[in-house]
Amino acid sequence: MSTASAQTPPQLTSLFADALPDLAAPWSPVPFSNATLLILNENLARDLGFDPQWLRSDDGLRFLLGESTSGHSGSIWPHPVSQAYSGHQFGNFSPVLGDGRAVLLGEVTVEQSDGATVAVDIHLKGTGRTQFSRGASDGRACLGPMLREYLVSEAMHAMGIPTTRALAVILTGETVLRRRPEPGAVLVRVARSHLRIGSFQYARMLWDSKPQVLTDLLDFALSRHPLRFSSLSGCSPEYPHGQPSTRDEDRSLGMEGTALHLLDTVARAQAKLMAQWLCVGFVHGVMNTDNVTISGETIDYGPCAFLDAFDSSTCFSSIDAQGRYAFGRQPHVMLWNLQRFAEALLPLIGQQTGVTAAGAVDKANSILLRYPEYFSHAWQSGIGTALGLAPIPTNRSSDTTAPLSASQVSVIDEFIAQLENSHADLLHVLNALARSLLETGEKRKAHLSHTPLSTRWIERWISHNPDPELMLRTNPVYIPRNHLVEEALSAAESGEMEAFHKLLKAVTEPCETPGQIRSGVDKEKESKYRETAPKTDAPYITYCGT
Ligand code: AMP
Ligand code: MG
């Protein structure tokens, strides 16, 4: 994204509120009298065309909280709204969820590096009750979870994984009561859009009375995410390979711009996202359909965490007793979510293709059947790259890059089986493998001795000429490890932000270079940022913290 000229104050559009009034509940702020800006992501602010200095002013703070600024004529953010959506939560359908503690302030138009302009959502979390707040829920958020989202989403972005971004965290000056009294906070979040599978499920419910809403939502989604779904996180073009794009055959079949096309594009984007999560050991924790974007951006960092020991059954969340959203289940659960998305689109698919209801199901299924191929392609590309195995070049477009050879795929499969058996740390093993390639003799052996991999496997892997520089560029070394996140957040809750900022710096420069390794310069980072959690008997447990 290029930097647009700084404006004071920023101009926002209300594209969503104007296009989809049935999905947009107007919101009026209740001002916070003692709010203070705790963190501002100045680089992101500049990318959005905002003036960081102005955002740090009193008027800027009011803007970031969705409150009217005094001293400016008229409203500068046309229609703050909370968004309506449904959601399958742990498999059960909730027809009306919506933003119970969040607000879409509006959109800002930014210019991307390719010169195209895109609208980007500015969204607030924790600003108070909305039309969708249920029962006695307070619409507030606590500092810890908002800082967790800031830290993890910025780390994901730095790793090249599509995600919402974090622009700011504001202390509201209020105390929020959860398991104990906690400081209240607001997260200012940025996304290519906040459209979710749940948004379509909500519009589908209105089909019988207001069919136009689903039609308008499809048009709006396609206008916000034309053909190639890109994200704010497209910073590492080589990780793993390319962005999803329209298949030529879809164009020739007349699918372009239809509900089937959207379904296919979302399936492709989410398959790739699942592969990217697996390649860094990320567990989202609450993959309900209201937490799945159609942009392919990771959203809603609640009970998320990273693996320290490779084990597909790992589930950190206190509320996921069945392990529905366990690490290795994520790609399968995403297909289940995509099936719910397809169901929501069925009336449009029928209308656009002129088939019966049963015919629409067949057409949707024909797209969903592609998902395993999309996922396995993204997974093999991603983990193959992580292991330094370059795909065989072909003349075809990036989304149809030739799969790895059968022999390369079996190297990958055996690698994962050995990790699963040993419960070793994925990123440590990948780093030891890359470093081993930079050495010979005893030094190489020393690195390999830190892995659980068999000599036979190592010989096979080396026979494929793995590229150590590709591995180092691809594999993060510094991730928000769970124990480090907890340490930083608890210090922050007692007013000490140094640990948070040091960890943020570490994880937003996640990779190391061969030069750094050769010179022994460890990016001046303390080695504690590389290490897994000290061994304890108690499993790591995450809580939603809402
Ligand atoms: P989440 O688990 O954050 O994805 O939220 C699930 C649903 O609960 C969404 O509809 C949220 O808006 C709502 N929600 C979560 N926390 C609160 C809160 N403190 N007050 C009101 N609604 C909330
Ligand atoms: Mg959510």
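Indices start at 1 and increase along the chain as displayed.
Including glycine, each Cβ sits where the backbone N, Cα and C put it.
Features as listed in TrEMBL:
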- D290: active site, proton acceptor (ACT_SITE)
- G98, G100, R101, K125, D138, G139, R189, R196, D300: ATP binding site (BINDING)
- N291, D300: Mg(2+) binding site (BINDING)
Most crowded position, judged by CB atoms within 10 A, among R101, R189 as binding-site residues: R189
Surrounding CB atoms that lie within 10 Å of the CB of D138 (ATP binding site), all protein chains: 17
Cα separation, N291 (Mg(2+) binding site) to R101 (ATP binding site) (Å, whole number): 14
Among G98, N291, D300, the binding-site residues whose C-beta sits under 6 Å from ligand 2: N291, D300
Listed binding-site residues adjacent to ligand 1, that is, members of D138, R189, N291 whose C-beta is under 6 A away: D138, N291
Long-range Cβ environment of D290 (active site, proton acceptor), under 8 Å and at least 6 residues apart: Y85, S86, G87, H88, Q89, S94, L97, R196, I197, G198
C-alpha spacing of N291 (Mg(2+) binding site) relative to D138 (ATP binding site), in angstrom: 20
Separation of alpha carbons, N291 (Mg(2+) binding site) and R189 (ATP binding site) (Å): 14
Cβ neighbours of N291 (Mg(2+) binding site) where a neighbour is any other Cβ within 10 Å: 22
